[in-house]
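Structure first, commentary second.
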Amino acid sequence: MATKFPKFSQDLAQDPTTRRIWYGIATAHDFEMHDGMTEENLYQKIFASHFGHLAIIFLWTSGNLFHVAWQGNFAQWVADPLNTRPIAHAIWDPHFGEAAIEAFTQSDASCAVNIAYSGVYHWWYTIGMRTAADLYQGSIFLMVLAALMLFAGWLHLQPKFRPSLAWFKNAESRLNHHLAGLFGVSSLAWAGHLIHVAIPASRGETVNWGNFMSTPPHPAGLAPFFSGNWSVYAANPDTTGHVFNTSEGAGTAILTFLGGFHPQTQAMWLTDIAHHHLAIAVIFIIAGHMYKTNFGIGHSMKEILKTHRSPEGTPFGGMLGAGHDGLYDTINNSLHFQLGLALAALGVVTSLVAQHMYSMPSYAFIAQDFTTQAALYVHHQYIAIFLMCGAFAHGAIFFVRDYDHEANKNNVLGRVLEHKEAIISHLSWVSLFLGFHTLALVHNDVVVAFATPEKQILLEPVFAQFVQAASGKALYGFNVLLVNPDSAASIASDYIAGPHFWLDAINSGVNSLFLTIGPGDFLVHHAIALGLHTTTLILVKGALDARGSKLMPDKKDFGYSFPCDGPGRGGTCDISAWDSFYLAVFWALNTAGWLTFYWHWKHLSIWQDNVAQFNESSTYLMGWFRDYLWLNSAQLINGYNPFGSQQLAVWAWMFLFGHLV
């Protein structure tokens, strides 16, 4: 008799209802619940799957390189980055008839093509690639790497090459390996690539495998390194008149601290970026030698956590209970806790990437490709919200499956659970506070509608303006730190050798560094904060109530996602941890919408040299509806109509699709 799906659960396989299919799909990746699963086998399966994941990533990036090399216009774009639209790939089967084929035959292409708004052209150009041959080589290299990863995944499932459970539980060795080996050495390697390949390329010099060993990146070679005269590497940087990809105005420096942006490319100086990666490498390689492993020297994570509490007699002495005692084993024995921490950290980093990619662009000319800037910001913020929601989902699963009350008695984790009502009620209060203050947008809408705009509530974000002023923004008239030439900060910065451009960048008005903010920004800030805090409230409540609540004290016995109306008692609909995650995703998407709309309109006003429109219209609802949404979507809605279609047609469909969802 043929084995029915799912093979991993005999109970489900014998279920005569459609639950067999739906529960089978839902639990396919829930390895720890599969029949016959041991803890060691669980770790081995997940470890091997990481190699598969890496293989997919390398295959995908290889495909990007291959299709641009084959069907793109990289060489033409390199010749004129500001006036050539980069092609991602051809469209094999353009729909919507002849009009669509004509509309999508763009950027001097001979057939229908998609334009690249991912920024990959800018990245490849910045790191030293110049021809389609370079892209093909990169593609082949990544394809080989993908094959190696697949082999490594298969190999680590073979009995002789399966790591033991003790190997997986060796947290200090793993931490050292990740800090020094992955972060440290990869940062050092990247600094090396920038210094040896990218910086020479930006100065019109091609470095490849043929001349790599015979072309020193600096005329002084390694002598200054070994003699300790490192400042030589910062001397003679590129001038403000440097023309990227040529020797005109180029210097010889490889590691600088210039600050600000290259005037032509509007991106950070490559020599600053190389310096940053070298510094990161040094810090992480040192950090990766801090923890006690085979040699019996260094820190013990367990001891650090055990003693991490305020001593008696100090201000917080005794107030924090057992502190972090017990956390080492709790975290080390729970994959869900580890995954939750990893997702939370990655979520924060992804949001930071979104913020930094536009405010401090690293790639040549990307700041002048406005659609790409918008696409990358939206992409990274949406990725960030999903990662953050996932962090709380796995935090809730940890509380249901892995939390041991006795092992965490009176420590920080136990105490969080014990006073969860206070945490939840404070989050609720903060959300209400932010919501009521956001209603100023509605008040302003009413008074503008009744032709009394002077009655609007318009508050300047003085504290944020003060922070910007302290960093060097002179517009607001504060006399503090870097805007005050006589302050200690200004005097100290004058002593840093060489030219510096950070104050020029902060005060330029045409980039996105320290955007000028006013009452509209202040109101939107509170609206976005409302969305973030409400999302957090739902996620935190779902996780902290996952084990049990007043309504259902024994909730942990029913798992993470028990059915609506649940185990034979009424009123359990919408109270599983799964339900709170589901609701939080709605709020997270809502918040990401507000956030990206704000970012987009703010930047449209800068790019169109019309900041007055944002400043005047962003303080009331109709301003947003009329001057942002309607004004900027009219063209899109006409992507297709009875008279034909244009290249926005596909996005017009997406516009409809998004609203139908």
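Just so it is clear, glycine is given a Cβ too, placed from its N, Cα and C backbone atoms.
Counting only same-chain residues 6+ beyond the ends of the transmembrane segment (46-69), those with a CB under 8 A from a CB of the stretch are 31, 86-89, 116, 118, 120-121, 124, 132-133, 135-136, 138-140, 142-143, 145-147, 149-150, 152-154, 156-157, 163, 168, 335. Sequence annotations record features per position, and here Swiss-Prot assigns transmembrane segment to 46-69 (among others) based on sequence analysis.
Under 8 Å from some Cβ of the transmembrane segment (135-158) lie the Cβ atoms of residues 44-45, 47-52, 54-56, 58-59, 61-63, 65-66, 68-69, 72, 74, 124, 129, all in the same chain and six or more residues away from its ends. Residues or ranges marked as transmembrane segment in Swiss-Prot (evidence: sequence analysis): 135-158 (among others).
The transmembrane segment annotation in Swiss-Prot covers 175-199 (among others) and is backed by sequence analysis. Sequence-distant contacts of the transmembrane segment (175-199) (same chain, six or more residues past either end, CB-CB distance under 8 Å): 126-128, 207, 212, 215, 217, 254-255, 270-271, 273-274, 277-278, 280-285, 287-291, 293, 301.
Annotation comment: Swiss-Prot describes 273-291 (among others) as transmembrane segment, evidence class sequence analysis. Outside the transmembrane segment (273-291) by six or more residues, the chain places 172-173, 175-181, 183-185, 187-188, 190-191, 194-195, 198-199, 254-257, 298-301, 362 with a CB less than 8 A from a CB of the stretch.
According to Swiss-Prot, the transmembrane segment annotation covers 335-358 (among others), on the basis of sequence analysis.
Sequence-distant contacts of the transmembrane segment (374-400) (same chain, at least 6 residues past either end, Cβ-Cβ under 8 Å): 117-119, 334, 336-337, 339-341, 343-344, 346-348, 350-351, 353-354, 357-358, 417, 535, 539-540, 542-544, 546-547, 556, 559-560, 577-578, 580-581, 584-585, 588-589, 591-592, 595-596, 599-600, 603. Among the features that Swiss-Prot reports, transmembrane segment is placed at 374-400 (among others).
Long-range neighbours of the transmembrane segment (422-443) within the same chain, counting only residues 6 or more positions beyond its ends whose Cβ lies under 8 Å from a Cβ of the stretch, are 416, 456-457, 523, 526-527, 529-530, 533-534, 536-537, 540-541, 544, 619-621. Taken from Swiss-Prot, the feature transmembrane segment covers 422-443 (among others).
Positions annotated as transmembrane segment by Swiss-Prot, on the basis of sequence analysis: 522-540 (among others). Outside the transmembrane segment (522-540) by six or more residues, the chain places 385, 388-389, 392, 423-424, 427-428, 430-431, 434-435, 437-438, 440-441, 444, 459-461, 464, 580-581, 583-584, 587-588, 590-591, 594-595, 598, 618-619 with a CB less than 8 A from a CB of the stretch.
Around CYS564 ([4Fe-4S] cluster binding site), a 10 Å sphere centred on its CB holds 10 further CB atoms from the protein chains shown. Per Swiss-Prot, [4Fe-4S] cluster binding site is recorded for CYS564, CYS573.
Under the heading transmembrane segment, Swiss-Prot lists 580-601 (among others). Nonlocal intrachain contacts for the transmembrane segment (580-601), taken as residues 6+ away from its ends with a CB within less than 8 angstroms of a stretch CB, comprise 358, 374, 377-378, 381-382, 385-386, 388-389, 392-393, 396, 521, 524, 527-528, 531-532, 534-535, 538-539, 541-543, 545, 574, 614, 618, 624, 628-629, 632.
What Swiss-Prot records for 648-661 (among others) is transmembrane segment. Residues 96, 100, 103, 633, 635-640 of the same chain sit 6 or more residues outside the transmembrane segment (648-661) yet have a Cβ under 8 Å from a Cβ within it.
In the three-state DSSP classification, HIS659 (chlorophyll a binding site) falls within a helix. Per Swiss-Prot, chlorophyll a binding site is recorded for HIS659, and the stated evidence type is similarity to another entry.
Counting other Cβ atoms within 10 Å of each Cβ, the lowest count among the binding-site residues CYS573, HIS659 belongs to HIS659.
It is 28 Å from the Cα atom of HIS659 (chlorophyll a binding site) to that of CYS564 ([4Fe-4S] cluster binding site).
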